Amino acid sequence: MSKIKTQVFVMAEQAGGRIRPVSLQIVGKARHLADQLDSKVGAILLGQNVTERAQELIAAGANSVYLGDSDSLHPYQAELYTEIIVNLLLEHRPEIFLLGSTFMGRELAPLIAAKLKTGLTAHCIDLLIDNEGILEQKIPAYGGMITIICPEKRPQMATVAEGVFLNPELDSTNIGDIIPIDLPEKFPLRVQTLEIVVEKPEGVSLETASVIVAGGAGAEDQDGWQQIAKLAEVLNAGFGSTRPAVDEGWTELETMIGQSGKMVSPELYIGVGLSGELQHMVGIVGAKVMIAINNDAKAPVFEQVDYGIVEDCRTFVPALVETLKKSND
Amino acid sequence: MIDFTFTEEQELFRKAAREFAETKIAPHVPMMEETNGGWDEVVKELAEAEMFAVTIPEEYGGLGMGYMGRLIALEEIARVSVATAMMYQVFGLGIEPIMKFGTEEQKKKYLPKFVTGERLPTVAVTEPSGGSDPKGARTTYKKVNDSYVLNGRKCFITNSHIADVQIVLAKDEDNPEAFTAFILEIGMDGFKPTHIEHKVGMRGCNTGEIEMKNVEVPAENVLGGEGKGLKVSMSAIGDAGRGGMVGCALGLQQACLDESIKFSNERILYGKPIGKLQAIQFKIADMKIDLEAGRLLGYRAAAIQDQGGRSSNEFAAAKYYTTEAAQRAAKMAVDIHGGYGCMEEIPVTRFLRDSYVLGPSAGTSDIMKVIVARWAVS
Amino acid sequence: MLNIIVCVKAVPDPNDADKLKIDPVTKSLPRSDISLVINPLDSHALEAALEIKRNDDAHITILCMGPPPAGNIVKECLALGADKGILLSDPAFAGADAFATAYTLAKAIEKNGAVDLIFCGMASSDGATEWVGPEIATFLNMPVVTMVNEIVENAGDEWIVKADYEHGYRKVKIKLPAVLTVTRNLNQPKALSFSGILKARKKEIITWDLKDLGVPVENVGLKGSPTIVTEMTRLESRREVEILEGSLQEKVDRLIKILKNSGVVNV
């Protein structure tokens, strides 16, 4: 076993033999935090045929990779993963443990936190180290930002969504240890993942779109939603959504922008029929021009954009699309 | 100490009624406006939501929620569709006299079927000569052997073409002072609905005429006893009818207020929402005050009724106040909407049209004042 | 008979979310009279239990931790068809984070007796945390599946469910007793009915406080919470907004100019 004192641990998740971008992003952030704490980064990588990927985590900034590569680790099994990770954390006693806000991360994190009797913060949009070396976990709520800390219990645990932190520069000259994990023999599973089915190919990435149209509850129904979709199509823009639109069933969870969804940084953002709840707005980082269309002049979105149009999107958007089409002809 | 709060259970009734109105009734409104029809669909929704069971006692399969329960349901339905509330209120008006004056056989025969909506009742009093002076009525009955033969015509009858059980007030052909209420059923020879009215408002609320030509009604269909017809019909209209109109009016007032607040927050003038202008705020305040006052009048009258008292006078005052207030509210709501207030697709124009139908239904404001004056000086 | 527990949370009405904003001066949440509603996802959890009860012999207990007004939410769940309600209410429970909440709920579940299934909404609308369900499972040493969107097989004590997963789903076999947290795609909750409300008159709501649970005060509420909120800040407007004026078509034309000037749109 390793003698390296590592204080910031990361759950590195892989899918289809690739490290998920969110995991690399968190390793990059962990590197920053560890530098401030004058300590090391440890990444946990579990799966089948994943040994080759361990080096990528080192390139992203991990000092050690705790590697479990076995048939029994595929597909993801909550109880087995929890057991392995809890044992590692108990052995190494890190100060901080970060996971991606993936479906796996969101299930494992509370199972691990409850076992370790420690705190856990959901979908942080920033992580800082305060003067006493404590992790400040920032989440948006109630029209502002809330700082949460876990002062006594360890590790301090948080989940982070994809895109919150930048992709780290991968440095293949980095040197680190790859440490195989002793896997438990025969582990009884009361809950067993039979299969993981991928139905939809990963679509056009909202994360890289230079123009994004996002729709919200103001669409009112599927018809209204299709009108906004048309606007996105005419502008050749990525089409994002808010939580209420996903809840209404107009679109897939994958299109949701915000704290528990995607983080995007377009040049131009057009928010249509959405109120500007912070949970959504924090997902738009560094847009040059922001525009909002909403029928409620008091909607908070009008405090967060450059241009506001107070109109019902159900009348305005078709008129806009019509005019855009004419000028294109 | 008077407790002016709704119980937890009443709040749940309101929540259920609001959910029902918003999810089940609202989608029918455009079609009702467009076609002045759609009542079959709406009646089906009302039945599925147990709305017809509200006032009927549990022993007949109903819910026994009383006047308070009915007023809450009506208010929430009217907030979304006054036309639907009006039909619903008149079904209640038809149920009331059978509950109050029916024989045990009549109650057992009709009430359980009303609960499910399998059968639907209405009350037919008004004639071309008017509704508030039943003595001027021309519909007559004549006793022939063991049954009665009815002749005449009733007009402005809500649910005329939906109800298959109609309580008809008629005058003894041989004694102009004797009135009797009869339970008529669709299927009796010579009894049928005829003309359908097109009202300025409450479109989709079925109003029409019925006709009786030598209709033979068996004696067991006399309601409340021969010669007791005025008491039967006036008591039903005085309590359930007026009380029902209060529910329709309160719901419409709330709708006017809701739309006005929404619009005045959205409409920008001089760089800010018009809701920031005092001229608009005063209108909103007037609507709110009227609504609060009307609720106190209406729910107090309903509470008296549920405690076993009679409150037709209190309901007359409440009916006058709330239907007048609904007309004021609708006008203010239209005014707040400016030019938009002239556009048919804007809901407040429907509110304005609906508000004018509230006035004469179950007795005009002037008639209400006559009743209230009589009450005051008695 | 299946003994089912549904955990529900009373949350501020999401429709009134704009009233619940951090005060920029006091940096805290203002006292507010926002009405409480059932956490929307929890109504899907209740519906999951009710669906089972429609086909099988089942007894549904509602478990809710909150201030006394949360009792109305429990009552509403009974009106929707649950059989019994437990309200955990004690000033000592206030300020609980997900960990302390799950601990307290787990203790109540133990006290309540035999249980085969525990349903929770996958998250709460106010705090957006998703931890309570899986943490309850850990405290009760039960298996859990989070974000269940379909129950495929529910015969016997081994169930098969589908759960949300990136770009698809995860199919899972789980042995009862177990905890399932549900998504809104699992079902469509039924509306409140008048007769359901009346039936709830006869149903029992028990209130348990700290003493009833018999747990140390330092394990619950704020004291039992590993995490604390240290700061709340109101985010101030970062942009100077221009509200476009004029008729609808004038606004359309002006917006198209703005789009052109952005340089990223070909129009």
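Cβ coordinates come from backbone N, Cα and C, glycine included.
What TrEMBL records for A:8-201 is domain 'Electron transfer flavoprotein alpha/beta-subunit N-terminal'.
Marked as FAD binding site by TrEMBL: A:Thr242, A:Arg243, A:Gly273, A:Leu274, A:Ser275, A:Gly276, A:Glu277, A:Leu278, A:Gln279, A:His280, A:Asn294. In three-state terms derived from DSSP, A:Glu277 (FAD binding site) belongs to neither a helical nor a strand segment and is classed as coil.
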Maximum Cα-Cα separation in Å among residues A:Thr242, A:Arg243, A:Gly273, A:Leu274, A:Ser275, A:Gly276, A:Glu277, A:Leu278, A:Gln279, A:His280, A:Asn294, which the record lists as binding FAD:
17
From the binding-site residues A:Thr242, A:Gly273, A:Glu277, A:Asn294, keep only those with a C-beta under 8 angstroms from any C-beta in chain C, and list them in sequence order.
A:Glu277
Which of these binding-site residues has the least crowded Cβ, counting other Cβ atoms within 10 Å: A:Thr242, A:Gln279, A:Asn294?
A:Gln279
What is the Cβ neighbour count of A:Gly273 (FAD binding site) at a 10 Å cut-off, with all protein chains included?
31
What average pLDDT is reported by the model for the domain 'Electron transfer flavoprotein alpha/beta-subunit N-terminal' (A:8-201)?
93
Tell me the Cβ neighbour count for A:Ser275 (FAD binding site), meaning other Cβ atoms within 10 Å of its Cβ, over all protein chains shown.
22
